[in-house]
């Protein structure tokens with residue numbers, strides 16, 4: 001008899017806890033909280049807080065002006081003292097073009113439009129919202145800033161290259177040799193040194209930083225400025241509904257690189 | 001106790017001299033690397049980890065493998081392992097030292113290595129790997145040395161050592177688990193992104209570590225009066241063969257999920273490693289002979305080790321352990337790390353070939369490990385023989 005009563009009390013207790021729990025869950029569902037929680041990473045919540053910088057690249061505009069990409073890359077690499085080693089093994093790149101099917105990996109795509117195959121697409125660091133490189137770095141040499149930029153501290157990097165293994169976009173480069181050196185013909189790897197930006201040492205990782213130094217001066221990223229005339233690139237605060245980048249994203253259909261990986265890139269492409 | 005390392009036969013000193021020569025040559029290559037940068041290696045933008053990190057990964061397994069000797073003796077009071085437990089602990093010391101050296105050799109800025117401690121980053125698996133590896137080194141130094149020293153003095157080891165011994169058991173598993181987590185937590189690297197990676201690492205570790213130890217024990221038996229004992233050898237054979245079988249079972253599981261699902265990104269690397277990957281009209285297969293050999297050699301080794309035990313043949317036993325060790329070395333010390341990079345997440349293929357300086361530095365680190373192992377084993381065996389004779 002005694003045992004039965006205890007069992008009954010236990011059962012009642014469990015039921016009460018479950019009941020309380022379920023009713024709260026039910027209410028939060030009614031209020032739409034569950035949906036908001038589920039989509040939080042997709043940016044619905046983020047829209048309300050702070051600046052989140054992003055970029056839109058219009059691929060068609062780069063097709064119309066075949067030289068535009070080269071000009072953007074040149075200005076980017078020039079102001080950031082990106083060295084040219086002249087071989088793919090040591091190569092360092094912040095902004096570069098790659099074939100469409102490499103940038104948007106879809107081996108299983110049956111009969112994709114022919115003109116897309118081999119089409120050069122401008123690519124750079126995606127400044128992910130959930131960056132695997134930042135998670136991997138053991139020294140906080142790569143970090144995510146409040147405005148969404150994934151930054152690099154060249155002076156703290158130990159050169160373990162874990163971030164390179166972690167980045168699914170191949171956006172990170174390593175200084176396999178001294179970028180301030182010279183090739184066998186006595187030519188500097190940094191063609192024209194820009195004293196306003198540090199040159200790197202050997203043994204550190206580097207990548208695009210969305211021109212954070214220019215942004216601090218109130219300027220646009222160098223590539224966006226170069227492409228401004230062609231209206232090929234847009235840059236701004238994704239969380240500000242009135243920004244140009246938000247307007248473009250509202251009006252145009254855009255895609256992102258490898259969205260299934262859950263990294264939430266801040267670079268969007270108009271096809 | 002350490003004085004035992006300075007008394008040896010001509011053969012002992014020749015061996016030491018050979019190791020020192022390899023270390024010296026590798027040291028010169030390291031100076032070259034220091035001046036030129038890691039560009040001196042075969043690594044590239046696409047394959048950003050090479051021989052150094054793959055050797056590190058394999059040797060973490062060898063270090064963890066020492067557990068298979070420590071655990072039965074201390075936890076299950078399996079007396080037959082009493083004579084070789086110390087060999088397992090000392091092997092772990094040598095292996096972890098090699099691991100740390102490979103990490104340092106792989107850093108672009110080795111002078112900044114302490115940044116990992118100055119800016120501890122708990123979300124980074126590399127931080128935890130540093131913690132567990134150094135911890136494991138300390139644990140084995142403490143346990144190994146304290147136990148051998150009490151044996152030297154002819155007394156039982158003190159009770160304060162016991163907690164360290166017990167701690168070292170789960171710690172051994174942690175070093176290889178965390179090392180697997182370095183790889184298994186990265187998006188876009190489909191060869192590594194598998195929950196079975198840590199179990200796979202442990203299975204290969206528990207075969208490779210004891211296999212190396214058994215080979216060394218047989219060499220010691222041939223050259224000294226030290227005897228491992230038939231029962232201990234038989235038990236080791238059981239451990240090695242079952243771990244190796246489980247390792248191949250796990251490999252088969254990986255093959256099943258890739259090829260039965262027909263999931264492309266899961267198949268590409270296995271194609272590249274085991275069969276050759278066709279891409280844009282050319283076939284990339286520079287690792288295929290090694291990886292196929294790894295499977296064949298490993299299976300032959302497993303069959304042979306059972307035969308060797310039934311025949312009680314030490315020569316066959318040594319050869320079969322050598323085959324198993326070689327098989328696992330190819331699989332983990334070569335294919336495992338390179339497979340994560342080829343093809344790259346963009347589907348492009350860059351093949352990797354180590355350079356002469358890279359091979360020289362790698363050989364030097366191995367030689368350093370064997371030097372440490374030789375000295376530690378010399379001390380341990382001298383102490384043990386002195387007490388017995």
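Just so you know, glycine gets a Cβ as well, placed from its N, Cα and C.
Keep in mind the model is a prediction, meaning the values are calculated, not measured.
According to TrEMBL, the transmembrane segment annotation covers B:12-31, B:51-74, B:86-105, B:125-148, B:160-185, B:191-219, B:239-260, B:287-308, B:315-339, B:359-380.
Between the transmembrane segment (B:160-185) and the transmembrane segment (B:51-74), the number of CB pairs under 8 angstroms, six or more residues apart, is three or more, so the stretches are in contact.
Taking every listed stretch (B:12-31, B:51-74, B:125-148, B:191-219, B:239-260) in turn, the largest tally of C-beta pairs under 8 A with the transmembrane segment (B:315-339) is reached by B:191-219. Proximity of distant same-chain residues to the transmembrane segment (B:239-260), defined by a Cβ-Cβ separation under 8 Å and at least 6 residues beyond the stretch ends, is recorded for 68, 194, 196, 199-200, 203-207, 210-211, 214, 266-267, 270, 295, 298-299, 301-302, 305-306, 321, 324, 327-328, 331. Counting same-chain residues at least six beyond the ends of the transmembrane segment (B:12-31), those with a Cβ under 8 angstroms from any Cβ of the stretch are 105, 356-358, 360-368, 370-371, 374, 378.
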